[in-house]
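Shown next, in structure tokens, is the structure this report addresses.
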Amino acid sequence: MDAAGLAGEPDGFQRLWTPHRMAYIGGENKPVDDAAGPGCPFCRIPTLPDDEGLVVARGSLAFVVLNLYPYNPGHLLVCPYRHVADYTDLTDDEVVEVAALTQTAMRVARDVMSPSGFNLGMNQGDVAGAGIAAHLHQHVVPRWDGDANFLPVIGRSRALPELLSDTRARLAAAWPRPTEG
Ligand SMILES: [Zn+2]
């Protein structure tokens, strides 16, 4: 899989993809500027096929995508299609849809992966830790007891037991279909 243009925020950690010992070299999808368009991963991803962009679900104003640099398995990002940086820039309808997709993401992750809890949140601005600050995205991070192990501390690495393409397929299959009529 070509990592260029996919979703996520390089954070300095290496990932150990434990099933196949596959390693990502991070950082190449970091946008060069704050402009909308193909240089922004969150603008480009919705133009890709779901499996290529790691898209799990598409709403009318926002979409749900797997983070290419997950903190944990099933780490999802809920993003408006519109290239806006600040939460206060969202329209009322976008706020509602981002919130609804966040709820559905939690329900689907519970069905598929049985986490014990979640971290939800948005990093607003570079200073707050946003890797792609120009395009708003809400993190949905499943948590399990004991998931914070020693690897990030001593190895700058995180162990992830499932490949992203497999996680995406499982979450997308469990995502509720729009009701007919
Ligand atoms: Zn964008």
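From the backbone N, Cα and C atoms, a Cβ is placed for every residue, glycine too.
In TrEMBL this protein carries:
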ACT_SITE  His137  active site, tele-AMP-histidine intermediate
BINDING   Asn67, His139  substrate binding site
DOMAIN    41-150  domain 'HIT'
MOTIF     135-139  motif 'Histidine triad motif'
Give the residue counts of the domain 'HIT' (41-150) per reduced DSSP state, in the order helix, strand, coil. 39 helix, 25 strand, 46 coil
With the cut-off at Cβ under 8 Å and a gap of six or more residues from its ends, the chain residues touching the motif 'Histidine triad motif' (135-139) are 7, 36, 40-43, 67, 75-80, 83-87, 89-90, 98, 102, 119-123
Distance, Asn67 (substrate binding site) to His137 (active site, tele-AMP-histidine intermediate) (CA atoms, angstrom): 10
Over the span of the domain 'HIT' (41-150), how high is the average pLDDT in this prediction? 92
Would you please pick out, from the recorded positions His137, His139, the one with the fewest other Cβ atoms within 10 Å of its Cβ? His139
